[in-house]
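As structure tokens, the structure follows; a few thoughts come after it.
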Amino acid sequence: MQKIQSNQIQEQDLTPELKKWLYASGSLTQQLTDLADGLFTVEPIQEKYQRMSFMDSRWMRMPAYHVAWVRESLLYGCEQQPWVKAKSIFPVLSLQKKARIFKHIGKKPIGRFLFQRTTPLCERRVIRLEEGWTRQSCYTWHGCKFIVQETFLASFEQYIQHHSHSI
């Protein structure tokens with residue numbers, strides 16, 4: 001998987017519409033729900049334990065290659081094609097605390113819990129993956145650190161270009 005760090009991103013490579021989404025704060029769940037007039041679904045693809053990458057471990061200030069529970073899912077708005085591919089990385093240490101609720105949410109979006117009555121601390125970086133522009137957020141929520149990665153797929157870029165909604 002090829003990554004391009006945000007300091008290497010050329011402004012002309014990024015549409016103004018998508019740039020707003022990549023750098024928006026708050027709940028992507030709520031923003032997508034609003035864009036899709038209330039239609040929003042989560043389709044879990046895979047959930048498993050795996051070792052964190054060196055870069056993710058370092059970003060979260062965790063021991064190198066720490067074990068994490070990883071949840072991958074597709075997020076759908078008002079179209080049949082998925083808009084976002086999401087990947088959440090919860091270190092085992094966070095699962096021993098309040099973040100353990102995220103392991104059992106099934107088809108519910110993480111954002112519904114993450115932003116409920118709280119605004120977690122967030123460090124963000126924007127990268128380009130093969131599948132599309134991606135924002136990675138390292139959250140600190142009730143003393144738990146975890147990463148939420150959201151890749152905006154081509155179908156989403158096409159939708160926002162044709163429907164010029166703003167967030």
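Every residue, even glycine, has its Cβ placed from backbone N, Cα and C.
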Swiss-Prot annotation, substrate site containing Arg71, Glu150 - matching residue among Ile110, Ile127: Ile110
Shell of the substrate site beyond Arg71, Ile110, Glu150, same chain only (C-beta within 8 angstroms of their C-beta centre): Ser73, Ala86, Lys87, Ser88, Pro109, Gly111, Val148, Gln149
Three-state secondary structure, which DSSP defines for Ile110 (substrate binding site): helix
